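J.: This is the structure I have questions about; it appears just below.
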Amino acid sequence: MAERILMNEFKQLSKPGEIPWLNVQLGKGDNLFLWDVAIIVLNPTSVYNGGYFKAELKFPNNYPYSPPEFRFLRPLWHPNIYPDGKLCISILHPPGEDEMSGELASERWSPAQRVESVLISILSLLDDAEVSSAANVDAGVMLRKDPEEYKKRVRDNVETSKKDIPEDFVMPTSAEIKPPPKDEASDDFWYDSGAESFGGSDEASFDGSDAEMTYDDEDGNVDTEDDDVDVSADDDDKRISVTPNRKVLGVNVEDSSQSPPSGPSPSVPARKRRPPLPLPLHLIPPSPRFPTASQASTVLHHTETRPDLRDRRTHNRNEPQIQAFLRHSVDTRLLLPAMASSKEEAAALKDKGNAAFASKDWNEAISLYSQAIELDATVPAYFSNRAQAYIKTEAYGYAIADATKALELDPNFVKAYYRRALANTAILKPKEALKDFRTVVKKVPNNQDARLKLLECEKMVQKAEFLKAIEVGEPPSAAEGLDVDGIAVEDSYDGVHLGDEMTLEFVKDLTERFKNGKKLHKKFVFRIILKCKEIFYAEPTMPEVSVESGNTLTICGDTHGQYFDLLEIFGKNGYPSEKHAYLFNGDFVDRGSWSTEIALLLFAYKWLYPKGFFINRGNHEADQMNKVYGFEGECKAKYTERVYKLFSETFSALPLAHLIGSKYLVLHGGLFSDDKYTLDDIRKLDRHSQRQPGNEGLMMEMLWTDPQTEPGRGPSKRGVGLQFGPDVTKRFCERNGLEAVIRSHEVRMGGYEEEHDGRCITVFSAPNYCDSTGNKGAYINVGSDYKLTFETFDAVPHPNIKPMAYAQNSLMQMMA
């Protein structure tokens, strides 16, 4: 049995070009139980990039019931690699739980694992070391305390590894690797494609039809998967490695052109009904509302042709509306062609939505998919497509709702599981995402992308559980024991030095250093952060700002690590000065790959002009967001972990709002879950007693909420917080004597938008957000008369570093 399994796996992994980052051959004497492998690191942001790391895999005779042994043949500097080349990694540990190590069975080897899973885990481990369980203690200490020296040591290993590249082997690079064909195994299928099909039909779950998904077992028998995909706890710990059998087991009853298969129809298990998910408020139709022609004709058809349903019609809550509609129809038999016409029109709208999606016009795509759903709400692809567009606009709550609806219509619609998993990951709910990723891998076991995302999600869950387990209350400040004055500045440092006071000369030099791709000396980094922490702690939760005659205050929205676009604002609008104040309304870090540069420049200006430069906290100035959206990884890559921890402490001290001339409340998110809250409640909020926003309460709402067009309050499209309507904004402004609430937190294609009759203004200052959205950026100038002047600008070129380049998880990198 072991020989047969290993031969199949070897054939698959050794196909030329099958896995560009892997070179695999049989060991000495063509021993099937000994493989010579080389792992090639192609990630351009990895410190191991360009390495050709030779290793050997030894398989036991009872494989796959016991794990293989893996060993690098050359020394490799890494916290989880022993000096003899062996690894400390859970997937290579024997099956079952280990009380001593605390490893769960799901983390360790199981017979359902395969060689590819092991190699992917090892490749991921290189850039995501577990320093808490170090096999090489010296490497772990160096990674934490001196990452620059760690990188140098690793780069030496990389150069040495290149000696092992065979003469006839062409070393791949990230630039040379072509994307795979756009089929079911491509990443585009899962994430970037607006279309839903493999073969041109959006209704397809797998092969262009509404076929059920089947699997071949080793005996050649075909097992039909149960329609209701409820993955048990036992199944959660398994990897089902089977091949889809693309046989059509049924016909699409909505496609009149499709011929039924010959022979008896297969029996399909009845689908379990899931409780309906409430629609977002903006999708709930007004009442009263008559059903569409297709809805009415469907009810008519069923009640006329199914005697057993006639007596149930009175229980239909839409019955009075349907009867009224039918009474005013000329001939109900004419509605059947209308139904077909509605379906055709819906399909055409879906195609237009796909085109809008392909051109990155996400809002237009959402509108077109919504119109298609209005005409025909029976097609899961329409909901799944709209879920994908919602993901692009960060409306993750709506995406989850749409993906769930698609699965209610077709529990075998794999893309809906995948997209719901992505949306849950984005709002930091990896446990919920894990269930869906496991379902995807169960249904499409040979999809490498899905399996990699599953592994990454498992790592997120495990890491979160580990951090929770070792949590022992508030840790000591990262500033403890830090002797900034004792840090020496090398003679080779070519920048302006920073003393006890911030100077304009230093800020100008800092601006150019960052523009030219240089880093600030860590001594000055520490000094800036510590001084600003002191300044912010002394400020109230809501500072009140006035604009004196002849002065200007500029309000900027999210900048999200887009440093070169920040410089465009200063270049067009003027740099901060004694006469020109600035207020940055949160979310200046994460996503963009120059977040440390923006944070340090803004902090430097805050130190230079403490009474004329203001910063609000956004929802991304928080630990949970920084850990997954790039800022923590960027701090560690460019500076040290201690720098990140000091930033974290300082972010928690940032004010939550500013009051401008008693006329404008400026805060990152929006208004509250209850009308009882006033400006006085913001003033009294003790932000220092709650370092992180949490999932409820006043601080969370100030950072997370969004406006909606409908009156009242509604569920958040993000899945976090809530939404507030124009009546809520009006009451708040009138009660507190305000002209408007100015907020950010959301992309606006024009850079800004005046909503709620001008009482709610959104400003967003990151143009072409994440290098993909195509939006303008904007800022607001406020004079001493407190009139608002809106200015817009376009994105400018920047060095070729992608957004989220420093995200420590590939799942989050793909959210950029």
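Just so it is clear, glycine is given a Cβ too, placed from its N, Cα and C backbone atoms.
Among the features that TrEMBL reports, active site, glycyl thioester intermediate is placed at Cys88. Under the heading compositional bias 'Basic and acidic residues', TrEMBL lists 152-166, 301-311. Residues annotated as compositional bias 'Acidic residues' in TrEMBL: 209-235. What TrEMBL records for 276-289 is compositional bias 'Pro residues'. As annotated by TrEMBL, domain 'UBC core' applies to 1-163. Feature annotation from TrEMBL assigns region 'Disordered' to 152-312. Annotation comment: TrEMBL describes 346-379, 380-413 as repeat 'TPR'.
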J.: By DSSP, what is the split of the repeat 'TPR' (346-379) into helix, strand and coil residues?
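T.: Grouping H, G, I as helix and E, B as strand yields 27 helix, 0 strand, 7 coil.
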J.: Just to be sure I understand, if DSSP states are collapsed into helix, strand and coil, how many residues of the compositional bias 'Basic and acidic residues' (152-166) fall in each?
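T.: DSSP classes over the compositional bias 'Basic and acidic residues' (152-166) add up to 13 helix, 0 strand, 2 coil.
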J.: Can you break down the repeat 'TPR' (380-413) into helix, strand and coil residue counts using DSSP?
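T.: Computed counts for the repeat 'TPR' (380-413) are 27 helix, 0 strand, 7 coil.
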J.: Let me check the 10 A CB neighbour count of Cys88 (active site, glycyl thioester intermediate). How many other CB atoms are there?
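T.: Cβ-Cβ neighbours of Cys88 (active site, glycyl thioester intermediate) within 10 Å number 18.
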J.: Three-state secondary structure of Cys88 (active site, glycyl thioester intermediate) from DSSP?
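T.: DSSP call for Cys88 (active site, glycyl thioester intermediate): coil, neither helix nor strand.
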J.: Could you pull the average pLDDT for the domain 'UBC core' (1-163)?
T.: 85
